[in-house]
Amino acid sequence: MKILIIFVIAITVVGVQSKDGYPIYSTGKSKGCKIECVINNKYCDKECTLKGGSSGYCYFWKLACYCEGLPDSVAVWTYAENTCGR
């Protein structure tokens, strides 16, 4: 029973320490912009896993990669802190 409780707590903690969102470029001319795509899920999945995420896909309507399970240390795009093109 104790092992089950520890397992549930561990899963909860892992869930709290990850986030989902649009990863952004951290350098170059596109700094602060979402990583763009058209229909290439493999590309986005690779970019997301390289950043420590669990998976990723191309969100077609936004033309940008969307990552799931990113570490909190990875910057993601937010409307409030949008610096793309500035």
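Glycine is treated like the rest: Cβ placed from N, Cα and C.
Looking at the candidates Cys33, Cys37, Cys48, Swiss-Prot gives Cys37 as the cysteine bonded to Cys58 by a disulfide. Between the alpha carbons (Cα) of Cys65 (disulfide bond) and Cys33 (disulfide bond) lies a span of roughly 11 Å. Ranking the disulfide-bonded residues Cys37, Cys48, Cys58, Cys67 by the distance of their Cα atoms from the Cα of Cys84 (disulfide bond) places Cys37 first. For the pair Cys48 (disulfide bond) and Cys58 (disulfide bond), the Cα-Cα distance reads 11 Å. Looking only at the disulfide-bonded residues Cys33, Cys37, Cys58, Cys67, the densest Cβ neighbourhood within 10 Å occurs at Cys67.
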